[in-house]
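Report on the structure given below.
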Amino acid sequence: MEKSGNGFGKYEAEKRKSGADERKSGAEMRKSSVETRKSGVEKRKSGADERKSGAEKRKSGVNTRKGRAEIGKSRVDKGNGADTRKSGVNMGKNGANTRKSGVDTGKNEVEMRKNRADAGNSGMDKRKSGTGIGSLGADKKRGADKWENGTDKRKGRAGSSKSGAGESDFSQKQVKEAFRGKNSKDFSGRDRFGNKRADGKNEESVKNTGNGSRKRNSPCPVYEQCGGCQLLHLPYKQQLAEKQKRMEELLKGICPVKPIIGMKEPLHYRNKVHAVFGHDRKGNPLSGVYKEGTHILVPVEKCLIEDEKADEIIGTIRGMLKSFKIRTFDEDTGYGFLRHVLVRRGFATGEIMVVLVTASPVFPSKNNFVKALREKHPEITTIVQNINNRSTSMVLGDKEHVLYGRGYIEDVLCGLRFRISSKSFYQVNSAQTELLYNKALQLAALTGKEKVLDAYCGIGTIGLIASRKAGEVIGVELNPDAVRDAVQNAKMNDVKNIQFYCNDAGRFIVNMAEKGEKVDVILMDPPRSGSTKEFIDAVAKMGPERVVYVSCGPETLVRDLRWFMGNGYRAVEAWPVDMFGGTGHVETVALLVRKP
């Protein structure tokens, strides 16, 4: 029992020792745990420090980038300053160049004015010495109709349209040589541009006809500056005698020249009046004509050969411009609005068309202007705005706006009614036109069965008149506006035996000849440049019995008659018709017949 008790005590002692060891181990474990926690705290503290350090670094990086941005901005600002200074330098250079250009422009303008003055003085000196050179073009009155509707461009074009052509035949030089006492040449030996032909033929024809002092007797105050009326200083009978002599010498050896058909009233006969608009140095509106051979405006209030009512309307328009603040066009600067005014009048009907040629389609106070003009001139039946914004010598542009009325007028000629638009060719002397066309139809000797070709027919006047005595009529015209008028004229007069074609007369007749088509009579009224060799060869191939040639250019008439004579035709006779009193221009109608 004692042994057993000792064992139990030993067991208890061991158990206590074991518990002490366990407690010691727990203490160690707790101590280790504390150390572990302490280590974690240290680590967390270290991590916080690291995060703080990273934040500081990031902040430092932001500041660094911000600093770099400021530096970059500063550099940009400095660069911009350099650009600005460079731009300023360039602007200064440009300003200097502009001032230099302005000075050069001013010098050029001075030189141009000086040249114009020298040219004018030279022209006067040459005219005084008997060697003056006149400018080309027909009917220089009111801006030379050669410029209207692009006729100047059609002068050298084969088979060009009669529409819009002026009524000239002589150049200014030829007219002065013939009628102001200078020796002149027969231009029948020259081509359409006045150059000598290849065969070299060129005959002396016109001798000295008088003295130059007669020009002082002209009743026109701008006779010398205008230059459009070369014979206005002569009594009308003497004018006719001069023209008769001129035509006889030109057509000598070709055909007899019948007595010239003169006017009953040689003044105020023009049914179409064209005025150039400009202004003086103070900006006051002017209207008139160009000085001979120049674009210097000569103010004209009344013209002795123009319709008086037309001149009155032009004067009214000129007086209205300031109140409506309308500036006239300046050719030198390209600024301004109103360029030209064209007035057309039907002498039989009394209808009046006013065409305002403007540089821009925008017409300020358009309705009020039209209303005011109509109140002053209720006789006006239509007003048209024509827009010409091109830097050319052409008077009329392509686009038009009708501001009042129908956009056209009507007139009666040889018993038929005709529609006339702004661009249509219509003879400027209505009374003499009837005499001219009646003579042409008399020479055509129509019986009512013939097939007639009206070449260069314009608005169809002579063809429609001929249709009453022909079986069939074909009209050919290059200008589409004129063809439209011609078709309307046929409908208006209920003419059913005529057809109109928009084509070049030369090409058209060549095509007819190639197809073997025939006509009995040809009526031809070409522009001042005359017809073409191709046209005349085609006529010869078709072989019509008669050709009636209406000419506004005696020199080209002579040339063309000789071409016909070399192609199997005989020139029978020629009738001068004075369509343009006071001027050196003359219309002629000639008859050719096919040789057996």
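Placement of Cβ uses the backbone N, Cα and C atoms for every residue, glycine included.
Annotations in TrEMBL come from automatic prediction, not curation.
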Next item on the list: Kindly point out which candidate in ASP520, ASP525, ASP537, ASP560 is recorded by TrEMBL as part of the S-adenosyl-L-methionine site with GLN427, TYR456, GLU477.
Entry: ASP525
Checklist line | Listed binding-site residues GLN427, TYR456, GLU477, ASP525, filtered to Cα within 10 Å of CYS552 (active site, nucleophile) | finding: ASP525
Note to self: Around the C-beta of GLN427 (S-adenosyl-L-methionine binding site), how many further C-beta atoms are within 10 angstroms, looking at every protein chain?
What the structure shows: 23
Check: Considering the binding-site residues GLU477, ASP525, which residue's Cβ sits among the greatest number of other Cβ atoms within 10 Å?
Finding: GLU477
Note to self: For GLU477 (S-adenosyl-L-methionine binding site), which of the three DSSP-derived states applies: helix, strand, or coil?
What the structure shows: strand
